[in-house]
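Trainee: If you look up TrEMBL, you'll see 16-35, 100-129, 141-160, 166-192, 212-231, 277-298, 305-322, 367-387 marked as transmembrane segment.
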Amino acid sequence: MLASLRSGDWLTEERARVYALMIALFGAVSLAFIWTTGGPMTDRFGRPIATDFSGMWTAGRMLLGGDPLGLFDPETHFAFQRQVFANPDVDVYGWHYPPFFLAVAALMGSVPYVPALIAWQASTFALYLAAVRAIAPPHRALLAVAVGFPAVFVTLGHGHNAFLTAGLLGFGLLLLPTRPVVAGICIGLLAYKPQFGLVLPVAMVLGWHVRAVVAAGATVLAMAAGVTLWLGPEVWTAFLKGAVFTREVILEQGITGWAKIQSTFSALRSFGAPLPLAYGAQFAVTGLVVATLALAALRRADHRLLAAMTATGALLATPYCLDYDMTILAVAVAFTAAHGAEKGFGPYEKSLLAGVWLLPLVARPGMMVTGIPIGVLVMALFFGVLAHRALGADLLRLSARWSPARG
C-alpha cells in the first residue's frame, strides 16, 4: 500500500472520475434537500438560502434604495436583512468588501433573491470551470474532478464569490506569459479580495511582467475612480469604518468559529494564543511564503509551478482565509497537474494532489472534531513540495556548497 501511495498508481483515471462523481452527487442532493425543505427564501434551518449571498443581495437592495453608506454599518445592514426576510431571528451576514464590489451587489439586488442567486452561481461557476479546463491537461476525468471538487459545494452552500475569485486568478496566472494585459486586468479585478493581494505583486513584478503590472494597476485605479464618482468619496470612509468590525469581530474574535477560518492566525487563536502571538506567527508565515515565491520568480521557475505556488501562497499568506476560499486550490492543483503530466511526478506527489483536492471536505469538520488545523498544515505541505520542485536545483547547489565534504 505504501508503494502505491508513493507512486500514485492507485489514483487511476476511473477512480478519480468515480470518487469525484460520488462527492458531486452527495453535495448536490444535500444542498437540494436543505434548500427545498424551507421557505421561499430560507432553507430548512431557517437561514437564508445560500447564507452569505443574502449579505451581498441585501447590500445591493440597500444601495438601490439610496443607502450606499448604511450597508457598511453592520447594525444597519443586519436590521435591513431581518426586515427583508421578515424574521427578527434570521441569521444575518455582513458586507466585508471594498466599494469596488458594489456594482455586482447592485446588479444582484435588482433581481429577486432566488433568480439572482441562480444567475450569480451559474455564471461564476462557468468561469471557474473554464479556468480549470484551460489550465489542466486534457483528461477524460477532468470535468468530473472539477465539478466534484468539494470546495464547489462549500461555495454553493454559501452562495459566495469564490468561483469568481478562482476563475479570475486562474486566468490571470495562466495568461501572464502570453497575454499580460488581459492577465493584469483579471488580477486587477481581484481587488475586491484585497487579502489575497499580498503575493500577486511579487509574482508579477519579480517575474518581470511589466505590462501585467501596469494593466492591473490601471484596472484598480479605474474601478476606484468609477466608484468614487458614482457614490462619492465618503463611501471609502464608510468602508474603512466597516472594516474595523470585520477585523475585530470576524477575524480576531472568530465569531464564525475558528475552524471556518483556515489560517495560521486562526489556528493559534483556536489554541488560546493572544493576538500579538497569533499575528506574529501569521506575519512569519507570510514573510516565508513571500520570500520563497520571490526566489522562485527570480530563479525563473517553471511558470506552472510558480502559478501553483502563487495560488497556494495567497491562501497561506493571509490571516483571513475562509473555508470556501479554498476553491482557489483548484487552480493550484490544475497547474501542478499540468506540470506533472509533462515533467512527471515525484514520490507521493500524486497522492498529495488527491489530498489537496479532498481538503475542503475535511478541513473545517476535521478541525472542529480534533482541534487540529488540517487545512493550514496540508496547504503548507503542498506549498513546500511545490517550492522544492521549483527550486530543487538551487537547493541541491546550496546543499553541496555547505556540505562538510567541502570543508
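Backbone N, Cα and C atoms are what each Cβ position is placed from, and that goes for glycine too.
Annotations in TrEMBL come from automatic prediction, not curation.
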Trainee: For the transmembrane segment (141-160) and the transmembrane segment (16-35), check the count of CB pairs under 8 Å (sequence separation 6 or more) and say whether it reaches 3 or more.
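Mentor: These two stretches do touch.
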Trainee: Counting CB pairs under 8 Å, which listed stretch among 16-35, 100-129, 367-387 touches the transmembrane segment (166-192) the most?
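Mentor: The stretch with the most contacts is 100-129.
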Trainee: I need to check the long-range neighbours of the transmembrane segment (367-387): which residues 6 or more away from its ends have a CB within less than 8 Å of a CB in the stretch?
Mentor: 257-259, 262-264, 266-267, 270-271, 285, 289, 292, 296, 305, 308-309, 312-313, 315-316, 323, 326, 329, 332, 336, 346, 349, 352, 355-356, 359
